[in-house]
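To start, the structure itself, in structure tokens.
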Amino acid sequence: MIASRCALPGQALLLVLISAFLPHLASAARPASAHRHTGHKSRTRRSQRPDRRPAGVLLAVRALESTNTSAPACLRKQQGHPSEIQCPEACPFLRAEPTEMCAFTCVAEGQCHADDPLASFANPETMRCEGCKAVACAQCKTSWKCAKCQEGFVLSRFDTCISPYRGIWWLAYAFILLVVFPVVYYIVMLPFRPVVNKAVLEKGMDFREVCKLLEPSTGLPYRLWRNLGDHYLAGIGVMLHFRWQQLVIAWSLLVCLTLLVVSCFFKTRPAAIKHEPGSPKAFASCEHGIVQQEHEFVVMEKTYFFVVLAIYIISTVGSLAFAIFQRRCANRTADEVISMGDYAVYATGFPIWEGTVKCEEEVKAFFQKCYPDLDIVGASLCWDLYDKKTREWVEEENQKDLWDLDCQLDAQSGDEARRTSRGELLAQDAKWKNTRLECLDVIWGIGPGVTSEEKSEETPEEEVEAKLKLMKTTGAAFIVLGTERQCQEALKRARQSPLLFDEKHPITIAETGVEPETVAWSGFGTSLLVFVLNLILGNIAIFACVIILDIFFYAPYVVYIFMYSDVKGMVGGGLIQGTLLGLLITVCNQIIFQVIGVIAEKCGFKFMPAKRKFYMVQYTVAVFFNTCVDLWTVMLLAQGFSVQEVASKMQDPVHAMGDGGVLSPKAIAEHPAVQRSVYVQLLTYLFPGCLLIPFLLEPVVAGFVSYLLPTWLVRSRPEVDVQEAERRLAAPDFDLSRYGDILVNVMLCVLTLAFTYRDLYQVFAWLTVSLVIIYCWDHYRFLRCSNRAVFSSAATEITAQWLIAVPCGILAGVLVFHIWAASDNGFLEPMADLWNHTLKQILLDDLTRSYLRLARTTIVWYMLAAFAGHLLFHFAILFWLVPEYSGVHAEHDDTVPYATTAAVSPSTWFNANPVHTLRSKHIFKHDPPCIAYLVGKAYLQKPNPQIGQHYECLTTPKMLRANTSGGSV
């Protein structure tokens, strides 16, 4: 019996050697890299196609297969029920393979850890490789108890491993308590401070309310149930933004419902999918009906391929169609709504004048001479404000003028709160004591040595005039005409007959495309070369800042986690330690966001839409970069791997991501249990950490920082005057950076579509919940918690249309992955054969052909190629086709006089220009002068038709407070 069992392999080997000399063997053979002969799919595919190998080879292979079935060799994969596989004495332990479903390998005791760190315990009772649950254990006594600890840990009396350096963490906890307790005590005691500055607090709260978006007819806030996607309240940008959010919510809900319907056709997951490979339950789940489980998974693969294909097509076509719809809406709305932007043209090419010249009158006279039949209202010149000290001085002088007007208005009404000096306020409460950690108020810029005792004195008139005369223009100006039709006529004539100023300065005029409030007047004076240099240096600074902050904030977290790469069963360290160190990541992100805002301010943008685009793109890229780094770390640690393990312990440095690793494309594509394990970890990372918690905390943090904290400080600090209270209590500005938050979340959720998993709908269900919460909070924040702002341009929306190509490109890469994962069993075989035939016709080199075939060695490159190809396609459509179908305009009255619109618009091209307002008062001596426009100070505007000012507001903040308290909101 023994002789016959030994002779059969020898006979088979002899047959193989004989058949090797057959002449047709070379033509029948295929390179090993041409197909994926792994797992159940290859066997199913071979059963569907006739085997054309020589008879001798077939006989030899069948003999070897029958031999392996009866006596499995070491390190050879076997499929079947684990109880039916008998391992030899040289390798008695049975290890589940991470890359195939219900596949096992006979290994020696020391080889349990080779491919799957989670199955590192060679259980002597079951003779199987299982997970060692004892933390930091080198040799397990049982699954949960340790016999010998790893180096750096000591064995406790409870058979657990503990760190001898755990006392360091107790010192860290004590230090944190010493720091946190005073801060918590300080915050808790803030609302219990005595109210010693009530009158100033009321003034500050009045200013906060008048700064918000109010209905022009009633002076009350807009009702909350108003649809911001259909109503023009603060510019086209806001309307398009909320409409975009509505579309993303609808898309997420559609994907969720689609995946939910598909999951109903797979009522239960195959038993082998439910548990991680290598766990005791996974061994028991490999029932005799393996073929049936394999068939169910193959059907799921094919089904999810078509589902992802449908999602990809709908997402791509839908995003492009919506881009056309949004641009048409922007064009129609811009035509229907009459605003100050319709009455001005942007002119460049004028000479550089000094402040001694009344250049506004010269420019107005020049255009009146060129176009005598047009009504030239005036010219608002752009002045050089590149110097920081000059900008601050101009802003300070305008603030002083507004302060004086406020004081005059209060004096008329008998309110002396503004006239009371800080010194008098301190004297009124001499017994006020510093008993509630008021010294910490210095952090917020309030307190002795920080808050000035008195408001700065008035600058003499002669000094103001002298400084204004030293300023220079930039050669640019906004020319205001009588009607919109006249603006279009001026543009038409300038194209036909270019203008020439002083017979040597060619003048170019163009549409403004913005409103007076969205002009960044401080950006003028920045030359094109300096602006480009600032952009380049700004991008480098942002990139360097991200890297440096990741090193100093994110690196400690990663290093701490990787310290446990050798600690079995303790992936990521302890909960408390990981949480405390994880807070560093939050600090890092907040610093990066602030840095982006500062750099955007310093670049020298002349118009706010361009500045907002820059901020949004940088914000999105920075968030996505940090999120990908975080996600990469989490996914590695989820499977028990670390960078150190991947680099030094495995024979192949990229073994974990290679052909046989737990996280290899092969394992994720072919082993449903691995897919489930990775999917569960990814879902845990996404929800609630990414999709919910940040957006639930945002209203809490915003409410505390922008409302509660300044309220408590102002009412309890007697040295705070009205001007300081207005500055601190002003509501924050609304921004459109939410595009970036939503796009990053969508990108992360789209990545999960790479899995063939029944519960994928849960990801998009949570995404829908997150998007609804974001929409509701943004809706409320815009109407109740933000300063009035104007978003007159669709530039930010158009930028988002370009950025949305990225998640669509990710879908293209995911689709290629599904094509490869479902390519066995004859699925899409004609396409593969056609591609291989084409390669043979074009390239004769077998090595090059192998690189161009869709295989597990090339799948990542194919996914990247699909991603890049989609981006090129998407960008080409947006650049060439979308503008062609977006040129829709609405009929409107373009003869409305400037005076009519200026009478209801507090902001004009004249009072929004900070230098123009100072020159109106100190150089031209207008009476009344052009008063600087500031959000919340519109009630100070006075009409003067001769200088283009027609607005007059009769509602003061005090009257508004009375209306709000008595009105229905």
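Cβ coordinates come from backbone N, Cα and C, glycine included.
Since we're looking at a predicted model, the values are computed, not measured.
What TrEMBL says about this protein:
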SIGNAL    1-28  signal peptide
REGION    29-54  region 'Disordered'
COMPBIAS  33-47  compositional bias 'Basic residues'
TRANSMEM  167-188  transmembrane segment
TRANSMEM  248-268  transmembrane segment
TRANSMEM  304-325  transmembrane segment
TRANSMEM  528-555  transmembrane segment
TRANSMEM  575-600  transmembrane segment
TRANSMEM  621-641  transmembrane segment
TRANSMEM  685-709  transmembrane segment
TRANSMEM  736-757  transmembrane segment
TRANSMEM  763-780  transmembrane segment
TRANSMEM  800-821  transmembrane segment
TRANSMEM  859-882  transmembrane segment
Long-range neighbours of the transmembrane segment (859-882), counting only residues six or more past its ends (CB under 8 A): 316, 319-320, 323-324, 327, 665, 801-802, 805-806, 808-817, 820
Folded-back contacts onto the transmembrane segment (304-325), same chain, C-beta under 8 angstroms, at least six residues removed: 244, 247, 251, 254-255, 258-259, 262, 753, 756, 798, 801, 804-805, 807-808, 811-812, 814-815, 818-819, 821-822, 827, 870, 874, 877-878, 881-882, 885-886
For the transmembrane segment (248-268): best-contacting stretch of 528-555, 736-757, 763-780, 800-821, by Cβ pairs under 8 Å: 763-780
Outside the transmembrane segment (800-821), six or more residues from its ends: residues with CB under 8 Å to it: 244, 301, 304-305, 308-309, 311-312, 315-316, 319, 323, 326, 616-617, 620, 665, 669-670, 739, 743, 746-747, 750-751, 753-754, 756, 828, 854-856, 859, 862-864, 866-871, 874-875, 878, 882
